Each structure stands twice: as structure tokens, then as C-alpha cells.
Amino acid sequence: MTSSAIRINKKPVVLSGIQPSSGMLHLGNYLGALKSFGRMQDDYTTYFMLANLHSMTFPQNPEVLRENTIRIAAQCIAAGIDPAKSIVFLQSDVYQHNQLAWVLGNVCTFGEAARMTQFKDKSGKQGNISTGLFTYPILMASDILLYDSAFVPVGADQKQHLELTRTLARRFNAQYGQTFLVPQPFECSIRIYDLQDPAVKMSKSSATESGTIFLLDSPDKIVKKIMRSVTDSEDVIGYDRETKPGVSNLVVMYSCLTDCTIEQTVNIYSGKKYSVLKKDLSDILVEVCTTIATRTNELLDDKNYIRKILVTASEQARGVAQKTIDRVYEKLGVY
């Protein structure tokens, strides 16, 4: 069964996505988003978007972005996003995202966009910032509302953006009549932290590479990064983000990878040294990442296969998106 055979049915829609600005996914991406999204594919109509338009808020090398998009697509598929179950599409291939973003930009007030915390944080750190960064949440709202998304997986850093989406949907509905489904947050409580600085999220742009487990890391790298991860001097395995952030981070990783609860993991390692947990976690991570890396490399050996998946899925996404645009334009009187 190929992506062209996916049947849009009455299941609730879940939309998620990832920016391909970096060609490397890390453990935070996998445990915080991809793993749980993969499990939704049988119970929901799932759209997974490679958000390359969002990547343009900061300058990109065109060839690098093009290559990274294929690499990220391969890693997502290898990590469990099944193109036979999900519509895995390229944002830029669905022009209706920009059409609806213009409409929503005229529903959103300047003050609402300016209050977005992520914009204020990033604009405070950068010199010359683009208007695209300012309107990023409006494009995100368009991404979500185009497909009548019932649920959107969000982390803490995106909750404000989703709330703006909900506000814009309700405002449009109030003014023009029922048009948009108001999406609900599917809160992602899993948060993976930097191995060397467990006060901050694991990131592709960490201060040091040793703080991040990339899904394509070699087994040796994975073992070294875990064994050298920051803990504390107590050598007592427990979960407490305030007093034991380092070991708590490792406990969460182990729990997510083994489907144990936090409490179960703490009980398993009660009375054991940190080195035992680190060794076991390293073994599990090596197995998981090696499987993903092997499948990624197989996919990258035939990039045309990946492109075909994206082209086919994007065509299907355009068909769904156009129905929304038709509905919106009719309400606005521009059809």
C-alpha cells in the first residue's frame, strides 16, 4: 500500500510537522514527537508536514535546505512515520497554506502577533529579523486549520501559537459563520534535556555536541555521550527535576524507550549506581538508533522514492486544502 492509497475517512485529523533546516534529528525529536505520532497513525487521519516554509524565517542555503529536506524525510519515515498510513507532505508544495495565511493575517491583530513569546525571544537575540518570523504563528495557524485538524501535538514552546490558532478560528467563525474546526491541543509532556546541561532542552544547536544524541550517531558516540552525561554526586537513582535534573533526564529517556512509567524505572534501579542505568540506557539507545540509521541509509540510497512519496502526498494534501480555501473564499465573497 502506497501513500497514494491513503483514504481520507471520518477519523479525527491530527497534524504535526518538523522543520528540515537541519539534516539531523535528535532524541528529543524522536521521544518528544515522532514516537507518539507514530502510535496515532491507526486511530487518526494523520498529516505529517515537512515545514520548509517555516525554515525560511532565517537565511538558508538553497541546496543545503533541499538536501536536508530529503534527509529529514528519510529519518522521519525510518523512525516510524509510515507513508502508507500518514500523508507525509512538503509544506511548500501546498500553495493553499500561503493563501489561508493571508486571510488569517487579516483576522489576527498586530498586538496578538507581537505578544508571541517566541517572537519576542528570538527578535531580542537577533539583529535584523524578517517579517516572516513575526507572521510565523499565522502561517502555523493556516497549516492547522487547512486540514480541519481536531488535535495538534504541541510542546510547551508552541502552546501559545496553538492558542492563537484557536482564537483566529473562533473569530472567523463568529464573523462569517461556522467554517473552521477549532483544534484541541494534544499536549506532549515528554521533554528531553541536554546531557551536559539538563536545565535546557536537547537541541540540534546545543552549546556542545556531547549534549545531544542524534538519531544517526554511531554506537560509540552514543555510549560516550550517555556515560559522560551530567548527573550529581549522590549516586541515588530517583526522579526530581529540581534537585536531580541530570539523572531525572536519564530516567525519562529509559521510561520512554521501554514504555515503563517513571515510578517503575526508579524501582527497577533502586539501590543501583548511575553507571548501571547509563549502561542499560546506552544499550537500548544503540539498538534503537542503529535500526533507524540503517533504515535511513536504505531510504537515502533511493532518493527518488522519497521524492515520490512527498509528491504523491502533497497532491493529496492540496486536494483537501483546496476544499477549505473554497469554503473560506465563499464566506469572504472573493469567489
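Heads up, the Cβ atoms here are built off N, Cα and C, so glycines get one too.
Noted in Swiss-Prot for the protein shown:
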type    : residues                                                                                                  : note
BINDING : Gln19, Pro20, Ser21, Gly28, Asn29, Gly155, Ala156, Asp157, Ile192, Lys201, Met202, Ser203, Lys204, Ser205 : ATP binding site
BINDING : Asp143                                                                                                    : L-tryptophan binding site
MOTIF   : 20-29                                                                                                     : motif ''HIGH' region'
MOTIF   : 201-205                                                                                                   : motif ''KMSKS' region'
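Residue counts for the motif ''KMSKS' region' (201-205) under DSSP (helix as H, G, I; strand as E, B; rest coil) come to 0 helix, 1 strand, 4 coil.
On a Cα basis, the residue listed as 'L-tryptophan binding site' lies 19 Å away from Ala156 (ATP binding site). For Asp143 (L-tryptophan binding site), the nearest neighbour among the listed binding-site residues (Asn29, Ile192, Met202, Lys204), judged by C-alpha distance, is Asn29. Around the Cβ of Met202 (ATP binding site), the number of neighbouring Cβ atoms within 10 Å comes to 24.
Helix, strand and coil residue tallies for the motif ''HIGH' region' (20-29), in that order: 3 helix, 1 strand, 6 coil [DSSP]. Pairwise Cα distances among Gln19, Pro20, Ser21, Gly28, Asn29, Gly155, Ala156, Asp157, Ile192, Lys201, Met202, Ser203, Lys204, Ser205, the recorded ATP-binding residues, top out at 21 Å. Taking a C-beta cut-off of under 8 angstroms and a sequence separation of 6 or more, Gln19 (ATP binding site) has the following same-chain neighbours: Ala51, Asn52, His54, Ser55. Under DSSP, Ala156 (ATP binding site) is assigned to a helix (H, G or I) in the three-state scheme. Gln19 (ATP binding site) carries neither a helix nor a strand DSSP state and counts as coil. Taken together, the residues in the motif ''KMSKS' region' (201-205) have a mean pLDDT of 90 on the 0 to 100 scale. Note on Asp143 (L-tryptophan binding site): other Cβ atoms within 10 Å of its Cβ, all shown chains, come to 26.
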